[in-house]
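As recorded in TrEMBL, the features of this protein are as follows:
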DOMAIN    78-131  domain 'PAC'
DOMAIN    132-205  domain 'PAS'
DOMAIN    209-262  domain 'PAC'
DOMAIN    461-513  domain 'PAC'
DOMAIN    514-584  domain 'PAS'
DOMAIN    588-640  domain 'PAC'
DOMAIN    658-871  domain 'Histidine kinase'
Amino acid sequence: MENIPQAILEDFPVGYWDLNVVENTGYLCPTFKSMLGYEDHELSPSPEIWENLIYPEDFPMVMQAFNAHVTSRGKIPFKSHVRYIHKSGSIVWIACTGRVVEWDSDFNPVRMLGCHIDITQRKEAEEKLKSQNRRFNNILTGTQTGTWELNIQSRTVIFNERWADIIGYSMDELPSKSIDTWLNLIHPDDYKRNEKVLKQHLKGKTKFYECEMRMKHKAGHWVWVLNKGKVTSQTAEGLPLQMSGSIQDITQRKNYEIKLAHYKDLLERTNQVARIGTWEMDLRTNQSVWSQVTRNIHGVDETFQPTIETGINFFIEEHREKITNAVNSAIQNCESYDVELQIATTKNKLKWIRAIGIPEFENDKCTRLYGLFQDIDEKKSAEIEIKNSLERNRIFIEQSPMAIAMLDKDMRYIAASQKWMQDYHLQGKEIIGISHYEIFPEISDEWRDIHQECLRGAINQCDEAPFKRLDGSVQWLTWDIRPWYRSENKIGGLILYTSDITEKKLATLSLAHSEERFRQTFEHAAIGMALISTEGKWLKVNPQVCNIIGYTQEELMQKTFQDITHPDDLETDLSYVIKLLNNEIATYQMEKRYFHKNGSIVWVVLAVSLVRDEQNTPLYFVSQIKNITERKESQRRLENAHHTVKEQNSRLMNFAHIVSHNLRSHTGNLEMMLKFLSEETREDEKQFLLKNIKGISTSLSETITHLTEVVKIQTSSVQKKETLHLRHFLDKTINTLSADLRKSEGEIIVDVPEDADIIFNPAYLDSVLLNFLTNALKYRHPHRKPMVRIWMEESDDYLILSIADNGLGIDLEKYGAKLFGLYKTFHQHADARGVGLFITKNQIEAMGGKVEVESTLDIGTTFKLYFCYEKNRSSLYY
């Protein structure tokens, strides 16, 4: 410090000290003494001065820091933020730094230098920010609303935990942090409307973005939400950059209920660190000197040579004139200055600084300027954040979809939401600054006691309470009252949250009266009876309903009728419901299917009527449910028997036609040859005729064999069925064809699960697979190697085995109707007989399945084999 002029030390807002540790003597600069309200002569270093000046709770921390510095021989800095006691008794926050600069031979401290900086304003700013954080946190906690922040240019979005919770996810389960995560969850019917509303706001056509929509819950159902937001910042070109908003679950409001949502604290603490640098300028030589801290503040290195012009140019344009005037006034009028302005560093980072300048005159001429540069960007940011927080609180409360009011300790209004004004019919009235008791003179002493209890720190809530108004009417409310804090332990007033549930309460009372009148008939009815809400929830069921569909009353209360209704009947049922709600019909009756708890189908006759209150508002549905499953099953068996007889008759006629056609052809040829033989005299001609007769006989025998196989298939009413391991039969068939595959250089690719099982006749399955795979190789394309792919799919009623080849293909337009006919061939192949497909199709159909074909000439053919589910045959009939 000997190298720093005494005038600078005294003018700087820093309290420097020089302490002889051994003798407890030294120097305290006047600035430090003035920080604590003392004159220069009132304080001098002594053994007890530090313990007397430092706040008692902080003194051990100071000694700990000092001992750590000494023990580490200066490697651990002596730094601490400490409370000192002002002469007036108030608290002054001081940033203390120091260093031992002289040690004895045993490394004991001899001399120590340091400085004290008054950081009281910064600490007060921190405390104000903490208070605002707690206040905003209380608001978020009370309203239970999800929040989001969107970067429009990068399409990235930040959700809070409540946003994710509304749709059933945790933060870790969200697929990504892209806006597409949000958009992909919107209901298709709401997507374009939301897109239109959002675009209008982004184009500046609306002040706020607000849209109600449905979003897909993780569990699969739709959740109604209210999205609100606003563009909060723009690019230099005026394009929207940032957008913030809230999302509220309004599902229960849609269903005449309101839920509170949880908010996440969006405020972050700023890191407050004081930095001070020195500077001086010789006006005679225009030479400037900046300390390292000053250079760091400006973002320049050691090679930078500052001048008065370059120094001023660091200030932003709107502050440049002010600093220029201050410097000129110092030079011309010998006036010191102390200003807070903003600079732009070499990296174009904006930063708030405190600039102190002191002129030095010789012979009435300013020859030197010197002073301090202090980085106060964090302090300023804290002040700005406090201001913005207050503004956000006001905007949040005013725009909140909940009824919220913020009161001071005297119960005067600070802010109120639009919903609060609506619920209590205060539109157009000025209530800010007015007492809550003046606005509501009917408030009872009980309410006033609750307010006083909360002003002492309590939190009070109630799900249902009557509020008797001046006109004698009763308003039913859900309410929450809690304090908000100006500082850590200082209550600033109350935050009131209320929700008007009068309509819901009256409906509940009306429903209770109706249920009492209806109860006896309801409980002892011979058929199923149920009360169902207008949203489809089971409100009450009698024992017969439980018997019909297998659920207990408690289980049904957790479901809607939509949950257990067969999907094919739901649209018709809901259309009747809408007509009932719209008063287009008084009642309806229909046959429908329910899912029994055990998974089976239950057929019922459903008769439904709607109960309304005195204002014609729908309250609930009354349903009568009669079980007709046995009747429907009998009807199904009758229809199935009719179908079987019809199919057998068709097969019989088809078989008769085949027998008539094929046997007549062979017997006619045989008769003609025998006639020629009887008339022929030449021996060589007789031998020729006998050879022909033998060929006709062989063909006749082959035809009879084929017809016998068909008869076996078509006349067997019940074939032997077993659970067969499909991969085993496929592997066996492929092994059988290994020689053909090697010869043709073909390949068969099987994509069928190892554990795939079907219920089928084993002999038929061998025949079916061999027939289709043999055909795939037999009718291969001459210009490419045969490739066959086999895979399996599963539908509601069938296991589907697909066999696709890249062979010649079939002209289905030309041959489609004859494809599975007996003796029908479609390619010029020596081994083609037209029997295999006919027999194979009959074998599959005899097992309750079917065959479909897709084919393109010169591309290939795909046969789809449908194997019936034996485990759930009822699905074939419902």
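Note: Cβ is positioned from N, Cα and C throughout, glycine not excepted.
Model, not experiment: these values are computed from the prediction.
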> Which value does the mean pLDDT take for the domain 'PAC' (209-262) in this predicted structure?
Replying inline: 82
> Counting by DSSP, what is the helix, strand and coil composition of the domain 'PAC' (461-513)?
Replying inline: 12 helix, 33 strand, 8 coil
> What is the number of residues in the domain 'PAS' (132-205) that are helix, strand and coil, as DSSP sees it?
Replying inline: 41 helix, 13 strand, 20 coil
> Tally of helix, strand and coil residues over the domain 'PAS' (514-584) according to DSSP?
Replying inline: 41 helix, 13 strand, 17 coil
> How many helix, strand and coil residues does the domain 'PAC' (209-262) contain under DSSP?
Replying inline: 4 helix, 32 strand, 18 coil
> Reported in the order helix, strand, coil, what are the DSSP residue counts of the domain 'PAC' (78-131)?
Replying inline: 12 helix, 31 strand, 11 coil
